[in-house]
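Following: one structure in structure tokens, then a few remarks.
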Amino acid sequence: MMSNLVEPSWRLLAASGGDTVKLFDVSADSGDPCVLSYTPSPGCAVNSVKWNHTNLVVASTGEDKKISLWRKNGQSLGTVPVTGKDGGDSAEECLSAISFSKKGSRYICSGGTGQIVKIWDLQRKLCIKKLKGHTSTITGVMYNCKDEHLASVSVGGDLIVHNLASGARATELKDPNGQVLRLLDYSRSSRHLLVTAGDDGTVHLWDTTGRSPKMSWLKQHSAPTAGVCFSPSNEKIIASVGMDKKLYTYDSGSRRSSSCIAYEAPFSSLAFGDNGYILVAGTSNGRVVFYDIRGKPQPVTVLHAFSNSEDVTSLSWQTSKPVIVNEKNYTSEMALLGSTVEDSVVIPDPLPSTTPSASQSAMAPGSRGVSASTVNASSVEQTPNRNHLWPSGPLGRLHALRANDSYNDDMGVFSPIIDVSSVEKWADSEGYNNKDHLVVDNKPSSLLFPSSSKGYSFGDNGSKEHPIFDWKPSSTSKQDDPRAAFSSFGSITPTASSKSEDSALTPPEAWGGDKFSEKFNQLANEKFSDKFSHLHAPSRLAVSSTGASTSGSMFSSSRDFPLSHGQTNFANASLEFPRIRDFSSTFETSSTQTDNNLPSSPLFTKGITAPGNIDSLRLSPNFTRRFSTYAERISTTSSFSDGASLSLGGSPKIKKTGSETREEVLNHLLARPETVVATEAGAMPLMNQGGLKQSQTDQQQVMGSSNFTLQLFQRTLEGTLDSFQNSIHDDVRNLHIEILRQFHMHEMEMSKVLSSILENQAEQMKELKLLRKENQELRQRL
């Protein structure tokens, strides 16, 4: 008869009594339905049993102070914590209840006499989180339907809802009658709806966003309640059994009990089948009774599961939607965890990865249970979100707050104001602003753009480099080093490290230019013309957009000078440095100074001919230093000579004001981008001791590098903005949810206050009417 009421996928029922766990095949029409019987720890009573999500493993716990795992074929998978392992995770307590997480079987929670809720990682056999707050024995624990919260009840009548994201107590409630709470069940579909029951027979329906029960059935049972649960198919249907030999079903929509079924023995446990109408109850004399709540209030069948002296302490059905595992070819770990191990439900990730990174370490216990991750210099954590313009690879992910950041969150709502740390403060605290880093750049190309990760830490390891290097160079770098001087003036083009020839970035020689060392040795000994001594930089490191734009625009009228180079340098500098106009505005002021400050300006005697001539150029903020001696100015001349070479046909006598120079460069840059690219590709000759060398291969390489630079910057920026937009969207949504939750709580409180005010007003109106009536009677008598 039972074969018509259950499906093959969840036909097995686990039951515990005394120190034994038994599995029953309720679909068997004849013969012994018990398919397996085992004793986890002889002599130790079993208090709770649960099926995992694959329907292949049963977890049980009790007075043996551990969680035992058994496959349905009778094979033991060990215990948690591991027997004999001295890792500080020993339970050292009698466990009353266990519960798997809703999304998978890797994590299981437990509670008992230790007054602490523990979350165990069954893959690593370790306790990864401890949730405190109770002051008495914990009798029930359970995850909510979204694995966001974990509720627990205790003998002291406390109901605590723990936030798994922060580890904080989201809600602390107390039974209104002060009864001993022993039972707890969460709704299968509502995140904040749960039911509790205890020793005085009262059943409470709670909305955990409020401060009091949403609904109560006071002393429904005349003896302690032994079991309570929601219907899996309809959260408005609740069932409970008690030691008064009664089984009640409730309809929360009508606020009353809908049926009552009596039995010959006291009940001791209860479980709903996944179809929503098969109800199984255990009794104190070892029986397991099956009911169909749609039919007559009589048992469908009764199993003699245990002896008459043993209570059926716990019941658990298999799930109707198990995680599919190939039973012909699977390991013990697959039987326990499934074919794929789910992400951590202890700390939800704002941007979860589809596959765990190889550089991530396993989750370690901590104050917030955050999975510690290590970010290598050659690889960054990836996110599956991709932009349609960035199909070639994943983007660097935005990181939320890590475990070492201190803040308390009641509902795990991510806030961009609270959770995102300041980049400048972070760099100062790590000492990066005092580090000499301008000469060599070994960072990967994904770190060349600060906008892709600004405001987010790259991981818990503070020793890793940060993209702040690309836009905030050190003020204490060596000014006498010509390479340091030129490496402070940057370009958007990703440049290879001068010390890393096997870098993944394209080296300058691949673009058609010479190595930095060769060019430096060649140009350091050249003599410079003094025809432009009236033009000078305000300091030794004044390689700013002023110099770049002036050197390009001064020779724009000459047919022999490659105009596109100056424009390209100005465009590149403008793209990377938003405040380039602040530096370029100093040109007019500097041009009016006397020629005694700088006898010759080598920067303007020779134009830069190719982007490959210099390894890396970065902009330096040191623009205020003045020269005090003639020797210092001469050394400055040598510092600038390594990146400068003049086109042979350029006319050095053309002079323009700073405003004209900027206007002309900007007009060429904005109005003729195609011409700039074409000119840059075809008119950038390589100089070697005054000789002109040019080839078709060099032109193609330069054109390819320019297009690659623009596309790389555009796609990286678009991908970063897309990820940031998604993050902001999630933050706003979470904020709206939090606002609604707070509004609901205040609404409940205000409704109670208003109802009490209305009651007082009604009483006062009655008294007023009585007084008027008495007043009229007195007037009539007088």
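Note that Cβ sites are derived from N, Cα and C of the backbone, with glycine treated the same way.
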Among 123-152, 153-182, 753-782, where does Swiss-Prot put the label coiled coil?
753-782
Three-state composition of the repeat 'WD 5' (176-216), taking helix and strand from DSSP:
0 helix, 19 strand, 22 coil
Over the repeat 'WD 8' (307-358), what is the model's mean pLDDT?
72
Positions on the same chain near the repeat 'WD 3' (90-130), where near means CB under 8 A and six or more residues out
47-48, 50, 52-54, 57, 59-63, 65-67, 69, 78, 80-82, 136-147, 150, 152, 154, 162, 164, 167, 184, 323, 333, 336-338, 341-342, 344-346, 362-365, 369
For the repeat 'WD 6' (220-260), find every same-chain residue at least 6 residues outside the stretch whose CB is under 8 Å from a CB in it, and list them.
180, 182-190, 193, 195-203, 205, 266-277, 279, 281-282, 284, 291, 293, 297
Lying 6 or more residues past either end of the repeat 'WD 1' (1-34) yet within Cβ distance under 8 Å of it, the residues of that chain are 40-51, 55, 58, 60, 62, 70, 72, 271, 273-275, 277-278, 280, 282, 286, 288, 290, 292, 300-301, 303, 305-307, 310-322
Using Cβ atoms and a strict cutoff of less than 8 Å, what residues sit near the repeat 'WD 2' (41-80) while being 6 or more residues removed from its termini?
9-10, 12, 14-21, 23, 35, 90-100, 104-105, 108, 110, 120, 122, 125, 313-319, 322-323, 325, 327, 332, 334-338
Counting by DSSP, what is the helix, strand and coil composition of the repeat 'WD 4' (133-172)?
0 helix, 22 strand, 18 coil
